[in-house]
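These notes concern the structure reproduced below.
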Amino acid sequence: MDAKTDDKGAGKCPFSGGSHGHRNRDWWPDQLDISVLHNNSKKSDPMGAAFNYAEEFKKLDLEAVKKDLHALMTDSQEWWPADFGHYGGLFVRMAWHSAGTYRITDGRGGAGAGQQRFAPLNSWPDNANLDKARRLLWPIKQKYGSKISWADLMVLTGNVALESMGFKTFGFAGGRADVWEPEELYWGPEGTWLGDERYSGERQLAEPLGAVQMGLIYVNPEGPNGNPDPVAAAKDIRETFARMAMDDEETVALIAGGHTFGKTHGAGDPSLIGPAPEGGLLEEQGLGWTSKYGSGFGADAITGGPEVIWTQTPTQWSNHFFENLFGFEWELDKSPAGAKQWKAKGAEATVPDPFDPAKKRVPTMLTTDLSLRFDPIYEKISRRFLENPDQFADAFARAWFKLTHRDMGPRERYLGPEVPKEELIWQDPIPAVNHELVGEADIEALKAKILASGLSVAQLVSTAWASASTFRGSDKRGGANGARIRLAPQKDWEVNQPAELAQVLSKLEAIQGEFNGAQKDGKKVSLADLIVLGGAAAIEKAAKDAGTAVKVPFTPGRMDASAEQTDVESFKVLEPRADGFRNYINTKRHQFMHPEEALVDKAQLLTLTGPELTVLVGGLRVLGANYAHSTHGVLTERPEKLTNDFFVNLLDMGTKWTKANGEVEIYEGRDRKNGELKWTGTRVDLVFGSHSQLRAFAEVYACSDAQEKFVSDFVAAWSKVMNADRFDIVAKKQAA
């Protein structure tokens, strides 16, 4: 049969693998989505398995790149002319918005992967016309190729923009490798741009979100929902900036520093703007927001609503922002686009026009700028910066560096000649190795001592998991290195069972002290290493007791962080609301996901795949790693032995599962014939039999010939988690 060629059939995919028609999630929208565990697979990476970005970046002539970027700043292009003859403001905004999606709750977002190139970020209303900034950069990216990623280039360009306008930056670190597909993140519940269904009660912003409306980076510049109230706007500002790890001083510095440069664009009717890049025409070639107002660019540019120029020198670093903020009284005004903004009352026209040197304008501000004057806390900081420009410059330099590097993880990931020497508390510093590490004979002797200490398999496995599983692949925070499980706040987290944890750590510290005290050659073992080694020893014993010999890989080199190197408030966000691997839910905290969704979310943060998630849960259950020694999901008669019993018994058709009477989210597994209670489990346990894909993984491990594969796969997945924060090992392997 010939394919249809009428209009109804036009554009429809004629083969079964196409993207049209209903997908599984359209039919079953409540189905647990585990696709996030398989994003950014090697199949989508055009660089190939052998490519090592860190090694390529080391070959880069950074000064040459910066020289080209400096030249670009004033090389105004006819197709997108530079305001005031300088692209500095545009590129500062590009870098800011690349980094500004970062949120501290789950560490996601940020500049670390170059996601601004992809949907939805490339088409967010708040990112309007940043597609032009990236196109301006393309010749430079093309010139230096794989030696600099888009992620690094966008941040570096923001730095060079600031430097070209007379500002001294704090430094720059490379090392952000690009990804090659959009990140599927929860950006909010809204189905419309600029919707704000994320609020409840007295303007309570839902977690883990950071921005006030869908498609904004932070706050609405016109005020909450367009209400031009600077004091109310300050509340939004404080909340959103706190959710990306900024305090009040950093917030003031960032807003004022960023708004020292450039302008906003609201020259005309916003309805004349075309679709965003993802909805644009094929011939637009990935550009969006094509405007029919006047020329569509330059003096006629429309990016949002406001048309604001903050300072008299928008291409030079100055203190004019604060001088204007406090030097004038402000009256409400409207931009040519109809947006609410403020103009200096009775002021002379001292601000330059971006394209006509013969014209001048009066100073203008956004509602959110005035928040820095009318919020009492911000006002105090702002006046100090007004009177002490050097303090302002230092605060902005440090806050800008934090903004653009917050999601890069520890300093050992920083690359390049401009890495600052100063160690900063938000980098979660860990001491460098300053002693000889334990060798193979020491490792075996220490394992024997640990197993003879009276600590159980369950205690050792639980402690090692608690230490390592704080890792977040999103912002590279957490992990076993540093042994912060012995420090506040982690030692007091409910999930870590503080009383029992203290007993375990006390015994491990005694072993550590005895070993280190007996050495005469400077050799030492850190508690961080000993915690992980304890888990390895326990797993080897549990496997042996199940009849399977295995050696758990162990690489020493972790160090112990101090309380002075640990920001307690910053680490509080790493406390899990739920940890399905330990069958734990914090009933005192609001849960915004079902337990099985939280399990997948945590697995994604740990960079685990679906099979790795599956084998870890099955193994941890039989090893007794559950919170508070709960028996839910411990589907074995042989606890603390590394068997595949969890999968065998979960998939046993001789068991019928029903909800337990009066128990929320607890299920009973009874003998199908006589009704005798055999097991209890949670949603997290039963999902491995209910979800078709997870069940397929579980079936692999439930087979009669699967014991050795199960143990081998469990050890591999376990080792991946234990070493997730060992960037030193990764660097050595990549270099080799």
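A Cβ is built for glycine as well, from the same backbone N, Cα and C atoms used for every other residue.
Model, not experiment: these values are computed from the prediction.
Sequence annotations record features per position, and here Swiss-Prot assigns active site, proton acceptor to His97 based on sequence analysis. Applying an 8 A CB threshold to same-chain residues 6+ apart, the list for His97 (active site, proton acceptor) reads Gln116, Asp126, Asn127, Leu130, Ile217.
Residues or ranges marked as heme b binding site in Swiss-Prot (evidence: sequence analysis): His259. Other Cβ atoms within 10 Å of the Cβ of His259 (heme b binding site) number 25 in total over all chains. In the three-state DSSP scheme, His259 (heme b binding site) is classed as coil.
Annotation source Swiss-Prot lists compositional bias 'Basic and acidic residues' at 1-10.
According to Swiss-Prot, the region 'Disordered' annotation covers 1-26.
Sequence-distant neighbours of Arg93 (site 'Transition state stabilizer') (same chain, 6+ residues apart, CB-CB distance under 8 A): Leu130, Ala133, Gly258, Gly262. Marked as site 'Transition state stabilizer' by Swiss-Prot: Arg93.
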